[in-house]
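**Q** Sharing a structure below in structure tokens format, with a few things to ask.
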Amino acid sequence: MPAVEAPSGSSPSKSTPTFSPQDVTVLFVLGGPGAGKGTQCANLVRDHGFTHLSAGDLLRAEQDRPGSQFGDLIRNCIRNGEIVPMEVTVRLLENAMDEAITRRQSNTNNNNSSSGDRKSRFLIDGFPRKMDQALRFEEAVCPARLVLFYDCPEAEMERRLLERGKTSGRADDNADSIRKRFRTFVDTSMPVVEYYEAQGRAVRVDATPGPDAVYEDTRAKLASRLGEDF
Ligand code: UDP
Ligand code: MG
């Protein structure tokens, strides 16, 4: 099946989300490029059993998928630090959620494991970066419970990205793309963070210290919002 294809029963203009927040918990994870979203998501997956979906990783996989009609579009957007049209990204996320939920159900059925006792819980990393994505995802896919926002000064993010660029192989970890990504983050993505903060749905974490300290702070803040045994 192509990666960009609707799960059966969904259509772009529907008014009911595909997944109910009663069955599925979604946390959006935001922060500038290099703020440490991916690192902290990996910690939360290890200790708390979330499923991690990185919008950027899904886009890069779609870009490289033979036969994708979106490859060139995605490649250009990523290099220029621009946001890929939301239809593509929302659909990739919805499909990935659908697959993870189906996989979990069949594991539960096959091994009698207890994973079915808890709801499916997703960390959606690097999304939504633009208001239209936020509104569309919550309306059509699933309302989000919280937004984890990793707050980091630009100078520190730049240092981390240039360091990562030595080995990441990412087409956008170079000085020119980094500058464009910062610009998009300030102009387009910060309004999304502010929208959720105004609704009391954002959890702000200072991402300047080292990864362990940031993780401790993340856990403490999530525990106070979601309950100690989140
Ligand atoms: N991107 C996008 N829409 C999204 C998420 C990512 O268009 O919802 C594109 C955008 O060009 C971004 C790039 O993918 O600059 C890399 O995203 P990623 O999340 O991997 O970057 P990071 O936050 O790790 O720097
Ligand atoms: Mg990332």
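Every residue, even glycine, has its Cβ placed from backbone N, Cα and C.
So TrEMBL lists these for the protein:
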type	residues	note
BINDING	GLY34, ALA35, GLY36, LYS37, GLY38, THR39, ARG164, PRO209	ATP binding site
BINDING	ARG60, GLU82, ILE83, VAL84, GLY126, PHE127, PRO128, ARG129, GLN133, ARG170, ARG181	ribonucleoside 5'-phosphate binding site
COMPBIAS	7-20	compositional bias 'Low complexity'
COMPBIAS	106-115	compositional bias 'Low complexity'
REGION	1-20	region 'Disordered'
REGION	54-84	region 'NMPbind'
REGION	102-121	region 'Disordered'
REGION	163-173	region 'LID'
**Q** Among ALA35, GLY38, THR39, please name the binding-site residues whose Cβ is nearer than 6 Å to ligand 2.
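**A** Those binding-site residues that pass the cut-off, since their Cβ is under 6 Å from ligand 2, are GLY38.
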**Q** What's the CA to CA span in angstrom from THR39 (ATP binding site) over to GLN133 (ribonucleoside 5'-phosphate binding site)?
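**A** THR39 (ATP binding site) and GLN133 (ribonucleoside 5'-phosphate binding site) have their Cα atoms 23 Å apart.
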**Q** Counting Cβ atoms within 10 Å of each candidate's own Cβ, which of the binding-site residues GLY36, GLY38 comes out highest?
**A** GLY36
**Q** Are there residues at least six beyond either end of the region 'LID' (163-173) with Cβ under 8 Å to its Cβ atoms? List them, or say none.
**A** 33-34, 75, 78-79, 81, 181
**Q** List every residue in the same chain as GLY126 (ribonucleoside 5'-phosphate binding site), at least 6 positions away in sequence, whose Cβ is under 8 Å from its Cβ.
**A** VAL29, LEU30, LYS37, SER54, ALA55, GLY56
**Q** What does DSSP give as the helix, strand and coil breakdown of the region 'NMPbind' (54-84)?
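**A** Secondary-structure breakdown of the region 'NMPbind' (54-84): 19 helix, 1 strand, 11 coil.
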**Q** Got a sec? Which of GLY36, THR39, ARG60, ILE83, ARG164, PRO209, the binding-site residues, have CB under 6 Å of any ligand 1 atom?
**A** ILE83
**Q** Could you check which of the binding-site residues GLY34, ALA35, GLY36, GLY38, ARG164 is the closest Cα neighbour of ARG181 (ribonucleoside 5'-phosphate binding site)?
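**A** Of all the candidates listed, GLY34 is nearest in space.
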